[in-house]
Each structure stands twice: as structure tokens, then as C-alpha cells.
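Worksheet for the structure shown next.
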Amino acid sequence: MERDLERGPPGPPRPPLGPPLSSSIGLALLLLLLALLFWLYIVLSNWTGGALLVLYSFALMLIIIILIIFIFRRDLLCPLGGLGLLLLMVTLLLIALWNLHGQALYLGIVLFIFGCLLVLGLWIYFLEILWRLGATIWQLLAFILAFFLAIILLIIALYLQQNWWTLLVDLLWLLLFMAILIWMYFHGPRHTDEHHHDDSLPHPQQATDDSSHESDSNSNEGRHHLLVSGAGDGPPLCSQNLGAPGGGPDNGPQDPDNTDDNGPQDPDNTDDNGNTDDNGPQDPDNTDDNGPHDPLPHNPSDSAGNDGGPPNLTEEVENKGGDRGPPSMTDGGGGDPHLPTLLLGTSGSGGDDDDPHGPVQLSYYD
């Protein structure tokens, strides 16, 4: 089974109503041919059988109709073929009533009335099926009028007992059932299922694209929402692409030994002017041995009130550790103005600056 690239893989297949076997079709065609021959012999012969001739001819026509339904629309055998079969049984009962007498005749009449009621009920049920399939009021009225007209003409044929009238009545019944078959072919379930398309369902390709976009957004969100924690006995773990030069200030909780002599940010702990590089970004010329990654000069009287502290490297700084500026958390990275916003802070409840054992959490958001 080929897949529809627009709708994706097909769902579980429905059990189809397979075509009849070739042997059964051949047998049905043979029976249909024999029924046509018998019907033509009865109608076109000079045999005068009276009302029984009309009933035999009508019974053969019903057999022909049932065989046609079996060959071309086997799925309609239950409603439409059942209607023809019930009409055939009522016709055979009426033929039997022609030779009955006494109590058997009365019982046969009761059965005949019961059979006629069954035919009427099955016809109403079939009209309801046509209504559910989309038949209009005018189409239903046309079928109802044709059905009752065929019954009235059959009664007239029983009264006239003429072969030519019987031929017309039988052809009218055949035309009625053929009209129903043709209508069912264009409006029945088999025809509508082939062109049915449910647009309420999401397109599989669209669902795949939505999921891919969602996964991309989740991955981007995961890249931009980082949390870096450090233990109390060592420097915090930080990304090398996010930080600023220099180490933490003296006496800061982020520097275990309170000095930056042995920090990874400055290999020789000196700058170009021979000054020690204990506090990193506070060099006079704002340069060190590691190159041009030092931040720009800062204003000692800025709004941060750090009195010579490190420059404000981020757009938003949350410092719960004290009045000193936040320590540098990376080694040698430059103060790129295009870096994401850093959010720095300690997890201590009281903001104790002298507690070196408090875990440090660092996160940033775009």
C-alpha cells in the first residue's frame, strides 16, 4: 500500500467488503440469464394463465432484481435486496392463496396482511437510509410515488390479465429498483468515502514542524538559562564565554583565600606597571599581561557606590553579599557588551559577607 505523502502514513485499514468470487458472479449471471428467459417466455407466450400468469411473471422479475443487486451492489442486499425478497415471498403466498379454501384461506390472508405490513415497514426503513445519505424531500417523494404507483399498476394487471400490461408493470418495477441503485451509486457510502477528507485533524507535516520548532525553542531556552554553582571550598564553576577579567575582591565570599595571587585569571599576578594584580580589574591602566580583555575605565563615583570597585559589567546585578561589587566569575574572558545579562547572588539568607562556605549560584537570561 502506497503512502499518501500529504496526509502521512495511513491508519488501520478498515475491513473492506470484498468483491464476490468469480464463481459466484458466474453463477449469478447464469441465474439472471435463465430468469430473463423464463420471464420473456411467460410474458410473450400465448399461454393464458389468468392472474397466476401475472404473479409468476412478477415473481421472476423480483428474482431478476435480486440477482442484479447481488452482482453490482452486494452491500445493498440487506435493505434493498431484502425488500425484493420480501415482495417475492408475499407474491408466492398470494399464488398459494389462489387455490386455498376454508380456514387455510383465512390463515393465508392473515399471513398476507402481515407480509404486506413487513414490506411497508422495510420500505420506510429504506427511505430513512436514503434520508440519512442526503436525499431531499422531493427525491423521497418521487420514490414513494413510484413505489405506490407500481403497486397500483400491479393490482390493475391482476384485473386486466393482459400480457402487454404485465410487461409494462414488470418493467416499471425494474426501473424503480434500478433508479434506487443508480442514486445509491452516486450518494451511497462507497462513493462518499472515496472523496471524504477530514480537515479538522492536524496535518502530520504541520505537526512535525510544530514539534521541531518547539524543540528548537526549548533547546535555545536551555542554552540561555544556565545555573552555575560553586562549592564553598573552591572557586565557582563558570563558563569562559560569559565573564569578565580579574578575580574577586579581597575578603569577598567568592574568593576562598581572599587574594587573587594564585587565581587562574592572571598567570604572573602582575601588570604592565609592575603592580600586583590582586583585584584584577582595578589596575591603573586597566590592562594586564593577558591582553586587551580588561574592561574600560570606570568612574569611581558611579551610581554603584563601590569606591573604586570593579566596573558594572552587566545590565542587572543583584548582590546580596555586601556593598562591594560582584566578583569576576570567569578567567580571562573579555567584557563583551553583547553578552547576556548576568544575575549574581549568594544563597545565604542573611547576606553574610564573611561566610566563604555558602554556595554560589549564577544564572543569566537573554
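Cβ atoms are placed via backbone N, Cα and C, with glycine included.
As the structure is a computational prediction, the values presented were derived from the model and not from experiment.
The range from 4-8, 204-208, 309-313 that Swiss-Prot describes as motif 'Interaction with host TRAF proteins' is residues 204-208. Of A51 and Y185, Swiss-Prot records each on a different side of the membrane. The region 'CTAR2' (332-366) scores a mean pLDDT of 48 in the predicted structure. Across the topological domain 'Cytoplasmic' (128-139), the DSSP tally of helix, strand and coil residues reads 8 helix, 0 strand, 4 coil.
As a summary of secondary structure, the topological domain 'Extracellular' (97-106) carries 6 helix, 0 strand, 4 coil according to DSSP.
Counting same-chain residues at least six beyond the ends of the transmembrane segment (24-44), those with a Cβ under 8 angstroms from any Cβ of the stretch are 53, 56-57, 60-61, 63-64, 67-68, 70-71, 163, 166-167, 170.
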